[in-house]
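A.B. asks: Dropping the structure in here first, questions after.
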């Protein structure tokens, strides 16, 4: 059964069997909804909690009233350009009450700039886009557990009350059946002592509370405390050992620990969980413990001991909740306000009561600082993954168990990381990173939403007496356990009656078969259990879960291509994923297109009138990929609400398009596709099929230094006019210039230290006048291995009123775009975890070809399929071939290119038989195989080969960013060894094992030069370089620096170390610096970037701090790599 799924541009033929009863919800609701809650209710709650602030003498009280936001000064684009934070000023009505005179002063107080969320669910902080990831934490509440005692084989029972903040309360029944209690991880007490302290003084009264339970009786026998006062003193001594106990203090301590809202807070969630578990009915705003709670908590534990009730699974989603953006920011504001509270109290006592006003009392700095700290350095505020629209969307829907108040990678065991049955429809069981974070970071399922308590809910259809209704009910994980739920594909007739004697269903996390009339609910959709990224994989049901995980993760690494193409075989989710990512422009209402240009689209809406939509053109994303929007409507066209007006990166006709449809053959070819390597046709290079644009940003600052100001100029010493040809009169490169490594982008000179002049020089200066000031060339140059075209230049200067960092007079930003064609070493991947590196690009004429002469685009190794069990790629290939060729039937939507675009939704897609029928209808062999001919000889291959169209993506792991070579470069200042890594222009590490390998071959001379002149023999390497250039023989290596460091370290241990030659004479190992310097200067060598440095500079030169690369997961935020003090030796005059 197939039916067309209508979209604006592409019509897709859907193979879905299950009707869609509920549209996929807004995929960014988890971010936007939460932030809206914060603005409306969250901040008000926080201000209410802190009010009133009273001074120590209770004379003044400060109350916070309503808050509102001022106007946002700069747009998101302006903030990005100026490195500012997209924020709005926050104002609060504050009242100061003088209790002695009754006087009230009210003022509106500015509380600092509050970062605002953009329409796309991101924050722009200091000019970069960031995402706040939702956090999965253990919910406050009461938890019970049991374990076997290994010696006695008795069941031991435990209970603990976890609050939002405050002391933990832990209970246990030990092997002697004695019930004890532990307060705030301190020493154990008998539970009866605790009850006596609460006012239950007689033993009979305590026994009656618990129905005369045996364990309580045994506890009372061991309890020798009689009165309430004794019990209070006993508790005080256990919690505060070493302090003299007084009755007053003891009473105060117990009260403040659990019954005072300032010290103890269950939160609404904790109260809700406590009520639910213990069957209580206390109001949700009662967020401290009550006597009733404590009795019920102990009663439940006693019942467990008697075999009534059940223990809790801590990893169940009924016991884990999500802290969304709003709550995370609210917690930061709360921290800021509590710091501010201290300041306010101090000022109340120190300031003159007559001049005191709310404005003078409130210091907003702590609040602003707390917010800044959160957005700038919290583990949950992350540098947004912007490689393509899907990576951004997934990043915003991510759930992390890491971060403050969560787990740490080292502590997390297998249980937390494992898939729990309660994840069903809430968190995707497939999409999670490989590596140390596996299972700790997940992705919200497609239909899931977060309820007011932070628990994830998933929608179900109500089933009434065996009849499926259209009523939708959202259930949290603990509510779901009480019902029997059928699968989405359970068959029912046109009246909604479930068909069959038995129905497959889930009950209490087990799979059962039940009578239809026992079913309470039914799943909404087969894709309910997976995330957005996973729901984009066609034939997911035929892939092994490990490969599906890789497929989901690699889609997020696909780079936007110059000419994107929607997949022939999709799942029907492509449109929603692209639109909800915010990277395409969507019509806000019905209307008519007035004007279209590359820069903007003007629309006359029926209700809102004329609106201009500005397009983003060739902007750089956080990952250096290109953000570019193209109009897909024309002037005069009528449009509907929700229609896509302009495609963004990785979209085609409003659908997500992460790669290209390529003609694939599964066959070996001369061993070039051994170990997952890929062979591609040169056609993909020539026709720019897998070409992407990458944009790099380069910055240079002109600072004020002690010796004078740095200057941006075209006038640079000893630089030929030829090298300056593309610079304008300011010394900045022109837009459109083609640049190569080493080219000057911005000319800049830095003043050099003036040396003390001799008498003769002073005389000459007096006669002939001042010579030009000593300056060094510190121009910004194109780094190694980078080429491209300058596409944008931005100049910011303090004189023109731009806000710059302290000490910076001017800032120049250059954007260079490069067009990267596909090449050997680039990584390609399909949707099914089928990844590989290109090993050879064959001329089109050498590729194998079909009988009609069509040569294939890509050759994959058939051995990559059986062991990996991702058969989805084969089915996709077969159906893709049929879709590309197209077939003629009235019910089949054809597109302009003659292809049939197909939707095969996850767990509900085309069956093998339907794929076979599609091939037959398209006039292709029903096996999906064909004879191929060798392009080089024209011979027919012996056997039929699987051929078809597969969707392949080009991933961000590009060979241009990884390949690296060095002859000379920077050295570490202490060890004098070359630095490591491409970012530092470092060398290759020749480690311990590599040394063993050369030792094993007896390659003594090779090994010696590896460990000396190629590493840290400072004198030897200069001499060797000199000898190579002059064509002389290389001298014998000298003493490596590491040996000298070792000698120094031993001397620092007060050991007298001397180095002797074979004759027993002492060798002076101090570097002959003078000779080294002479060699360097004779030879015209350059230390550093400009000119020859003098000795002091040589020894103290520091390399600029290299900007660190973001980790792949990015959850550590942007961490710069540590700067190393270095000395560079580079060839410049040669």
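Cβ coordinates are placed from backbone N, Cα and C, and glycine is handled just like the others.
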A.B. asks: Write down the single range among 1053-1093, 1094-1134 that appears in TrEMBL as region 'Disordered'.
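C.D. replies: The range carrying the region 'Disordered' annotation in TrEMBL is 1094-1134.
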A.B. asks: Counting only CB pairs under 8 A, let me know which of 382-450, 460-525, 587-984, 986-1061 has the most with the domain 'RNA polymerase Rpb2' (138-323).
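C.D. replies: Ranked by Cβ pairs under 8 Å, first place goes to 382-450.
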A.B. asks: Tell me if the domain 'RNA polymerase Rpb2' (986-1061) touches the domain 'RNA polymerase Rpb2' (382-450). I count contact as 3 or more CB pairs below 8 A, with pairs 6 or more residues apart.
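C.D. replies: In this chain the domain 'RNA polymerase Rpb2' (382-450) does not contact the domain 'RNA polymerase Rpb2' (986-1061) - fewer than 3 Cβ pairs sit under 8 Å.
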A.B. asks: For the domain 'RNA polymerase beta subunit protrusion' (71-367), what is the mean per-residue pLDDT, to the nearest integer?
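C.D. replies: Averaged over the domain 'RNA polymerase beta subunit protrusion' (71-367), per-residue pLDDT gives 90.
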A.B. asks: With DSSP helix as H/G/I and strand as E/B, how many residues of the domain 'DNA-directed RNA polymerase beta subunit external 1' (460-525) fall in helix, strand and coil?
C.D. replies: 7 helix, 34 strand, 25 coil
